[in-house]
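Marked as transmembrane segment by TrEMBL: A:18-38, A:58-77, A:84-100, A:106-123, A:135-157, A:177-198, A:227-246, A:303-320.
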Amino acid sequence: MDATILGFLLLDALQNGVIYGLLAVAMVLVFAVTRVILVPIGELMMFAPLSLVWLQGGKLPGTLGLALALGALWALLERGRGRGLPLLGGVGLLLLFLLARGSPALAYPAAIFLVVYLGVASYRVFFQPLREATVLAYLIMAVGLHVAYQGLGLVFFGPEQYRPEPLLSGEVLAGLSWQGVLVLLFALLAVGGLYLFFRLSLFGKALLAAAENRLGARLCGIRPEEAGMVAFAIASLLAALAGLLLAPLINAAYFMGFMLGLKGFVAAILGGLLSYPVAFLGALLVGLFESFTSFYASAYKEALVFLLLVPALFFQSLRARAVEE
Amino acid sequence: MRRWLVPLLALALSAWAQGTLKVGVVVSATGPAASLGIPERNTFLMLQELLDRQGGVAGRKVEFVILDDASDTTQAVRNTRRLVEEGVVAVVGTTTTPASLGMIPVVAEAKVPMISLAASKDIIHPVDAQRFWVFKTPQTEELMARAIVADMVARGVKTVGYIGFNDAYGEGWARFFEAEAKAKGLQVVASERYNRTDTSVTGQALRIIARRPDAVLIGASGTPAVFPQRTLKERGYPGLIYQTHGVANPDFLRVGGKDVEGTLLPAGPILVAEQLPSAFPSKRVALDYIQRYEARYGIGSYSTFGAHAWDAWLILKPALERALKKADPGRDLAAFRAALRDELEATKGLVATHGVFTFSKEDHLGLRFEDAAVMVQVEGGRWKLVRTFR
């Protein structure tokens, strides 16, 4: 191995690592607030670029129907004034999509809004009615949703991959495309933004409080349902943006999300599903590990990456107190 | 009057149903192999319509019982059991190699002839007690690897690298390609694997480039095959890039765009049917299939995979006609299935879309290399014939 190869591998590791990092942070956030392990985050991530490709081709994606159907269920579950949000959101989404069919500039916000709406509606319809359930029950529901969304992805978008046009084409230097720079910049912005959100805004503080101690937060007038929705909205937003930026580099397809989500999950586990910085560092480690194993022993790459879980879980089991909230 | 009508109708219906020949079809219409399985299913749907119009085979109605295995071996085996119990005369399918291998013990135990639509040579070789019942239509990796290596030798390639799927498809190709390459004096300098869900193949690409092979073969299928090729190009790989016939669908060109320009691949002759010399045996049959498929599903919609299903029926139909003269499926299904198997094996010189089939006791693939493979290059976003081996 020489310096050029090392440089390429490090850049590759960084680019993949930050994506896993964003997914890991989103998963930690959702887990902290709602105790849901967000397995379907990979599908949400893939729905964004695939819907975008459909819109740019002048077609309405099937995900729109899914989002509107879940939105309608959400409205049914709410009472009185609570119905305003899902109904307004649904109408807005439909309008945005109809407009975006004619103008490509609107396609990006439309795809992002779709995924966020879908994410929040999924929480309201599938997870909130289970409130106070065990982590296992949530996990089973999450895995079920992942399987369902992946299957629907195949129905909506077909079995093949799609490649949206990159926002910026060309290379900055050998091994790093402008699109790759965008991905890195976005990761930096997202992490910084989240930090500021949690430190400075009242909403962010309320979320942190709800994650720290739900009963206490409730006594202070923070509604855990609302906190859950906000957590899901942030996670879906991160997933949608990451998916849109990443798709031109990796080709989006309905089956691509799960592995990304799983690697993000490995990173989140490395952080004990608790710590944002450790999860992000864990993600960079996963990226690094993956990049080098793909160079040295490509046939065993996946096995080696998931083997990382074993020491992490072992360490956690030594440290953890055997209590569940 | 009305009192008689219902039982009479029922009687007529049951008599008509008895005359129906049920053919079981298992394809991967969903899951990772769906891009191959969907055109296969479409071909059988089209055949069903055609046969309903024409009145079936030898005066008997033909019914295809089409089941989806979701690219899953367990499901394929379960489907096969169900089809056998439903009394099908033969099973066609399935799309993928692992699932086809799983179906073999089931059909062998029930003594039902089967025509697989999957690639691997292991499905029909060696013809042992179980594979006695099994035939297949697609070219094997071995046959296609021969075409690739012949083309490489003709272009003066000395060293080759390989990167393929980390699954049965990629492993099968690695095995047959590397053996054939070594036999023809080529040196295999790198052999890498990747997964279709991978978000980066930079490590593998760098390793291959560092070894400086004259040509690289990518052992992958469908659109995920674009990814290593693009990475190789981006990292400045200057040599020839070969793909397998698993990429021969329009989606590969759509996703690949400029990145796959100049790609060389072996293919069944139907891929470039219009460009074949008029003496090429399968040209007319291939054009006929393409015309029918496009009339039903739209211009440019056909793929070579659906044609494997069409070939399976082209083989099955005359065998059914001959077997019907020897046994009656309504009276003795087991005898009919055995007769059908014998008649399948007796197929000689049958011109289909992918070549000419001649089965024998030792050969249940029946394709000759010269008729079944051509070399194709991507040029201007289209497939262009560059070499036939006749």
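Placement of Cβ uses the backbone N, Cα and C atoms for every residue, glycine included.
By number of Cβ pairs under 8 Å, the transmembrane segment (A:18-38) is matched best by A:227-246 from the list A:58-77, A:84-100, A:106-123, A:227-246. Tertiary proximity for the transmembrane segment (A:303-320) is limited to same-chain residues at least six positions away from its ends with a CB under 8 Å from its CB atoms, namely 262-263, 266, 269-270, 272, 282, 285-286, 289-290, 293, 297. Note on the transmembrane segment (A:84-100): residues 55, 60, 64, 67-68, 71-72, 74-75, 78, 106-107, 109-110, 113-114, 117, 121, 124 of its chain, located 6 or more positions outside it, place their CB under 8 angstroms from a CB of the stretch. For the transmembrane segment (A:58-77), the partner stretch with the most Cβ pairs below 8 Å, chosen from A:106-123, A:177-198, A:227-246, is A:106-123. The list of residues near the transmembrane segment (A:106-123) in space but at least 6 beyond its ends in sequence, with Cβ under 8 angstroms from a Cβ of it, reads 34, 36, 40, 44-45, 47-49, 51-52, 55-56, 61, 63-64, 66-67, 70-71, 73-74, 86, 89-90, 92-93, 96-97, 99-100, 145, 228-229, 232-233, 235-237, 239-241, 243-244.
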